[in-house]
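Each remark here refers to the structure printed beneath this line.
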Amino acid sequence: MRSAIIKEGPERAANRSLLKATGVTDAEMKRPFIAVVNSWNDIIPGHIHLNKLAEAVKAGIRNAGGVPFEFHTIGVCDGIAMGHEGMKYSLPSREVIEDTIELMVRAHQFDGMVLIPTCDKIVPGHLMAAGRLDIPAIVVTGGPMLPGYVDDKYTDLISVFEGVGAFRAGKLSEAELERLENLSCAGAGSCAGMFTANTMACMTEALGLSLPGCATAHAVDAKKVRIAKESGERIVELVKQNITPRKIVTYKSFENAIMVDMAVGGSTNTTLHLPALAHEFGLELPLEAFDELSRKTPHLISLRPGGPNFMLHFDRAGGVEAVMQRLSSKLHLDQLTVNGKTIGENISELEIINPKLNEEIIKTLENPIHAEGGIAVLKGSLAPDGSVVKQAAVDPKMRVHTGPAKVYDCEEDAMKSILAGEVKPGDIVVIRYEGPKGGPGMREMLAATAAIAGMGLLESVALVTDGRFSGGTRGPCIGHVSPEASEGGPIGLVKDGDLIEINIPERILNLKVSEEELEKRRSVFNPPEKKVTGYLARYQRAVHSANTGGIVD
């Protein structure tokens, strides 16, 4: 056992003395020491229940003969951080979370770990730590929130964000907006659609790092507590067998995850998190892999924000394993998972509890919602190194569009203009200097995109940015434009009125300005320098481009 280095032999008497001060007995000294890495806190709805899941995990560890030690990581709620300076700290928190887990685990020489995250950057931070440390690990994602129910229809956080735009457009009264505010977020769990947190939970299960059914088991469901307890039991077996994450996750596992991502219409943030995760596993996952697999993998389930269904429906229809059943002819079925079985074995054992809903919600390869997957990678003179769009959430009318640019150098300026009615049908909103270095922190533009949606402009206005989007964004919103403006990318050269060409089927994002004119602009181009201090200053110096996953050296 790894933990022998802190607890065996006469020279470790002082170490044992400190462990005994915490209540560890002599008998427990002989058992595996398991870290329970909990991201519980009081401010993130997706995390307010994780203390209860941690107790279930610890009970499972004890049942199996291990000794649990719980510690906590930080977490940022992207929804609360949205639309202001706080969002600059969301993506950078991913690496901080990873680093703190590494520090705790290496310092205390745990034999294995159970990771308990829920929300957007916290799940990838935990996964990246698993890849870097490569000790036996299993992930228990916290589970989705139940949807709200207002005016005889299901609602979620995006309903509220879009309600702000509708209110500003005079389509919603203040009382109606307040009703949405009060009733749309039902309690514990990650926001109720296929947004970033739930997408990453699905990626975790598809990679084989959580038990079957974990991704869609809801936060308030007793099934989630049972999965947590079973995960605690299972980690002790993984330690005994020395099955580590790098023995489970291979390049083929990432291909499986991307195919699931495409089938469920997942968040564009996977194009940041999966390459960064692959990097920690010693693998290279290029942006082009997403587009290649998207062309081969149809979109099979229509979930919020791009469709009418919620995670609740997805879970009842069979969840991730049910989608993998549909994709079985395309997947690498021989890939191992943390329960000791292969993907193929797991999906062959899946019992569909609600067959009618399963058929209704999860389409077949022969009869998909869209022939291609949820995400497309666009390139061209505006994005030489690539950009991404959630094509599953784009109205067919806007998949091919050319329009004049309205340029803003930060999200706040764009938001004011949108809410003031200055953005007109046909316009392409350009928000720049919001990339990993330029922000710094690569903020999500959900407030702006939700305002566009709420004001009824989804079918006539596009948005292009070197920032990124919430998993809740819908419409012709193209992000991760690389190189970013602060790195001298062409997006920094765009002027009001320039024509921009968007062609999603052809994967094109072009700035319709002559090379001669661009050279003139480039010769006098001087990106503004943003003075930042503290962690953001260190992050700005070390972060790489979005097309590499925004990894940090």
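A Cβ is built for glycine as well, from the same backbone N, Cα and C atoms used for every other residue.
Here Swiss-Prot has Asp78, Asp120, Lys121 binding Mg(2+), and the candidate from Glu434, Glu444, Glu459 in that same listed site is Glu444. Proximity to Cys119 ([2Fe-2S] cluster binding site), judged by a C-alpha distance within 10 Å, picks out Asp78 from the recorded positions Asp78, Glu444, Ser470.
DSSP classifies Ser470 (active site, proton acceptor) as coil under the three-state reduction.
Comparing Asp120 (Mg(2+) binding site) with Ser470 (active site, proton acceptor), their Cα atoms are 9 Å apart once rounded.
Of all Cβ atoms in the protein chains displayed, 34 besides its own lie within 10 Å of the Cβ of Asp120 (Mg(2+) binding site). Listed binding-site residues: Cys119, Cys191. The one with the lowest count of other Cβ atoms within 10 Å of its Cβ is Cys119.
The Cβ neighbour count for Ser470 (active site, proton acceptor), using a 10 Å radius and every protein chain shown, is 28.
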